[in-house]
Amino acid sequence: MNRVILLLSVMCVGVSSQPITENQRLFSIAVGRVQYLHLVAKKLFSDFENSLQLEDQRLLNKIASKEFCHSDNFLSPIDKHETQGSSVQKLLSVSYRLIESWEFFSRFLVASFAVRTQVTSKLSELKMGLLKLIEANQDGAGGFSESSVLQLTPYGNSELFACFKKDMHKVETYLTVAKCRLFPEANCTL
């Protein structure tokens with residue numbers, strides 16, 4: 001799976017007739033990493049959901065749609081319009097905070113050790129890449145702020161999987177929008 005994402009990233013970047021900048025390369029890697037994490041999150045949630053009885057699955061879907069995640073108190077765009085209107089710096093900063101918050105919670109994902117280790121590793125790599133992108137895209141508006149405190153709330157499996165899936169989708173969306181805004185030649189449709 002990693003090879004496929006890396007290959008697609010290289011192919012997409014290679015299509016452009018212009019030389020690839022370090023910023024473009026970092027964005028391609030970051031988008032590939034978060035797409036992988038989002039796929040893992042969807043699979044974990046789906047596997048968990050499939051392990052339940054039909055009635056429990058219905059209940060899980062009701063609960064998951066109303067679930068409060070630890071990241072819900074982060075200031076972030078709430079819809080497509082607000083996301084597209086946000087600055088690249090804001091999208092990168094929110095993405096960084098979401099990924100950083102999952103470094104802790106990923107240790108509690110009830111999955112195989114290999115999956116948990118791989119997720120933790122990818123989150124760390126993505127966090128470092130996002131930090132480089134934030135630094136590279138500073139627009140003179142000041143440094144990155146880590147002002148809000150992460151609230152650590154105990155979660156059950158269903159909440160953890162649902163929140164992980166939701167947050168990885170957010171980060172994937174934010175990074176894709178930021179990349180498309182910075183590199184219009186990437187032929188993005190939002």
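Our numbering is plain: 1 for the first residue shown, then up by one each step along the chain.
Including glycine, each Cβ sits where the backbone N, Cα and C put it.
According to Swiss-Prot, the protein has these features:
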type     : residues      : note
SIGNAL   : 1-17          : signal peptide
DISULFID : CYS69-CYS163  : disulfide bond
DISULFID : CYS180-CYS188 : disulfide bond
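In this view, the densest Cβ surroundings among the disulfide-bonded residues CYS163, CYS180 belong to CYS163, judged by other Cβ atoms lying within 10 Å. In the three-state DSSP scheme, CYS163 (disulfide bond) falls into the helix class. When secondary structure is read from DSSP and collapsed to three states, CYS180 (disulfide bond) falls in the helix class.
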